[in-house]
Protein chains: 2
Amino acid sequence: MGRQEPIGVFDSGVGGLTVAREIMRQIPNERIVYFGDTARVPYGSKSKETVTKYSRQIIRFLQTENVKAIVIACNTASAFALDTMQKEFDLPIIGVVKPGAKMAAQTTKNGKVGLIGTEGTIRSGVYAEFIKSFKPDVEVIGKACPLFVPLVEEGMWHDTITDQMAQRYLEGLKQQDIDTLIMGCTHYPLLRSTIQKTMGEHVNLVNPAYETAIELKNVLERESLANICEVDSPSSMYRFYVSDAADKFKAFANAILPFDITMTQQINIEQY
Amino acid sequence: MGRQEPIGVFDSGVGGLTVAREIMRQIPNERIVYFGDTARVPYGSKSKETVTKYSRQIIRFLQTENVKAIVIACNTASAFALDTMQKEFDLPIIGVVKPGAKMAAQTTKNGKVGLIGTEGTIRSGVYAEFIKSFKPDVEVIGKACPLFVPLVEEGMWHDTITDQMAQRYLEGLKQQDIDTLIMGCTHYPLLRSTIQKTMGEHVNLVNPAYETAIELKNVLERESLANICEVDSPSSMYRFYVSDAADKFKAFANAILPFDITMTQQINIEQY
């Protein structure tokens with residue numbers, strides 16, 4: 001696999017773009033092929049079997065694009081499918097959960113870490129497992145926040161209704177006196193200011209997207225896969241694929257990426 | 001096709017249970033096979049092509065259960081796929097849009113009808129088309145309410161946050177002086193009291209689920225397909241299938257049906 005080949009990044013939809021954005025920032029000379037499974041979004045309420053099957057189809061598709069490594073930029077898919085995918089495929093695959101868990105374990109002083117995410121991510125218990133592998137005596141308190149994703153997708157990033165919903169979801173975590181909170185869903189960094197305001201400034205927010213980009217950089221260097229050549233403009237370096245109509249995806253992408261996406265291609269993911 | 005065979009009812013997930021509930025109430029001696037596409041929910045933000053493909057797979061599956069007629073208990077699928085499905089399959093297929101549209105046309109006095117639903121349903125323009133076919137001079141004012149479905153699925157049927165969201169979504173319709181409002185998504189009847197309170201008592205709410213059950217009864221009688229035999233208990237008359245893990249489906253179903261579902265079977269819908 002050549003150093004100039006792209007990184008494959010996938011998510012159930014648009015959320016993983018916050019991970020792609022961090023990779024673009026931190027490793028600007030890597031090409032990216034992004035796949036958003038917009039026909040089957042959301043993954044958060046689906047079962048392990050279903051999410052694993054979807055992940056397998058997507059990695060098969062990304063391999064047709066000659067990717068040199070894969071980032072599962074979706075917490076639910078990372079929680080449910082990472083292990084199986086690493087066994088089934090012969091290329092570096094990283095998820096967002098482990099890097100986020102590691103940072104949370106390093107950050108907490110009082111050993112009380114909060115975790116917010118989809119039902120699937122919380123139920124899986126995978127964050128807690130990884131956190132305890134780094135620091136066994138940490139207590140992890142999880143809370144599913146199913147309305148955060150639709151609120152983000154409605155563009156209600158700064159909104160009184162979002163504030164109230166955050167109050168309600170986060171009240172229990174505040175009472176438990178956590179000092180670190182993992183934003184365990186790729187949509188949530190877009191609610192960062194609301195979450196920080198609700199929790200208070202003394203709580204450290206962990207953004208797994210940020211930690212994942214660092215981890216990816218390390219893996220590429222370790223495996224001698226980092227691109228060392230000169231690079232072009234964003235329009236030629238980044239390719240975007242979706243499994244359903246691209247209009248809404250493009251609008252969302254253009255709201256959070258530092259450049260405008262011009263082309264997004266729709267593919268039939270069930271064929272893979 | 002025998003009179004004792006079941007009706008096939010399908011939806012993207014749990015919403016269509018409000019339609020199944022009306023059929024159970026109004027035609028209590030008909031068997032029902034319900035399919036909820038919980039692995040691929042929601043349909044509301046997906047394209048016509050995708051929703052048509054999903055509907056085709058589901059009808060193929062329902063045919064393996066020897067259904068004598070099909071009810072597309074999902075506004076988005078009715079709006080996008082009904083025509084095509086009626087052409088492709090040789091059994092009576094009815095959707096929820098036409099019966100709802102007919103009642104709205106009959107109800108309005110001032111010719112101003114509001115329509116709330118998913119983005120897909122609103123964008124399709126199918127409700128307006130049907131309404132105008134019954135009463136050409138009606139003005140139809142549509143408003144997509146994407147957060148209503150997750151609010152219902154969070155169980156927030158009576159909640160101050162839902163009230164505020166309803167205020168925001170429905171404000172424009174109130175200002176346009178509509179006298180009739182179609183609840184154009186199968187989840188919305190569960191928010192009926194909030195919607196009525198927000199719009200005011202002078203606005204007539206149309207529930208397409210109710211009208212669809214009447215239409216189904218008429219179709220079965222016209223086609224000599226109505227069951228005229230004695231029937232058993234609900235547990236043997238109603239079968240439930242889903243495309244993903246059944247737990248959440250069962251909990252929701254038990255909250256809105258007049259009896260407890262004991263068995264729900266998961267099938268791989270992509271094979272059909």
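Cβ atoms here come from the backbone N, Cα and C positions, even for glycine.
Predicted automatically and left uncurated, TrEMBL annotations should be read as such.
There are 36 other CB atoms within 10 A of the CB of B:CYS74 (active site, proton donor/acceptor), with all protein chains counted. The active site, proton donor/acceptor annotation in TrEMBL covers B:CYS74 (among others).
Taking Cβ-Cβ distances under 8 Å and a sequence gap of 6 or more within the same chain, the neighbours of B:CYS185 (active site, proton donor/acceptor) are B:GLY15, B:GLY44, B:ASN75, B:THR76, B:ILE116, B:GLY117, B:THR118, B:THR121, B:CYS145, B:PHE148, B:VAL149. Annotation source TrEMBL lists active site, proton donor/acceptor at B:CYS185 (among others).
The substrate binding site annotation in TrEMBL covers B:ASP11, B:SER12, B:TYR43, B:GLY44, B:ASN75, B:THR76, B:THR186, B:HIS187. In the three-state DSSP classification, B:TYR43 (substrate binding site) falls within coil.
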Review point. Which whole-number value in Å describes the distance between the Cα atoms of B:TYR43 (substrate binding site) and B:CYS74 (active site, proton donor/acceptor)?
Key: 9
Review point. Helix, strand or coil at B:ASN75 (substrate binding site), per DSSP?
Key: helix
Point to revise | Cα-Cα distance linking B:HIS187 (substrate binding site) and B:CYS74 (active site, proton donor/acceptor), given in Å to the nearest integer | key: 9
Study note, to complete from the structure: Excluding B:ASP11, B:SER12, B:TYR43, B:GLY44, B:ASN75, B:THR76, B:THR186, B:HIS187 themselves, the substrate site's Cβ centre has within 8 Å the residues B:GLY13, B:GLY15, B:GLY16, B:PRO42, B:CYS74, B:ALA77, B:THR118, B:THR121, B:VAL149, B:CYS185
Practice item. Please work out which residue of B:SER12, B:ASN75, B:THR76, B:THR186 has the most C-beta neighbours within 10 angstroms of its C-beta, and give that one of the binding-site residues. Key: B:ASN75
Review point. Among B:ASP11, B:SER12, B:TYR43, B:GLY44, B:ASN75, B:THR76, B:THR186, B:HIS187, which the record lists as binding substrate, how far apart in Å are the two most distant Cα atoms?
Key: 13
Check your understanding: Going along the chain, which residues six or more apart from B:ASP11 (substrate binding site) have their CB under 8 A from its CB?
Key -> B:LEU17, B:VAL19, B:TYR34, B:PHE35, B:GLY36, B:ASP37, B:ALA73, B:CYS74, B:ALA77, B:THR186
Practice item. Measure from the Cβ of B:TYR43 (substrate binding site) and count the other Cβ atoms within 10 Å, all protein chains considered. Key: 27
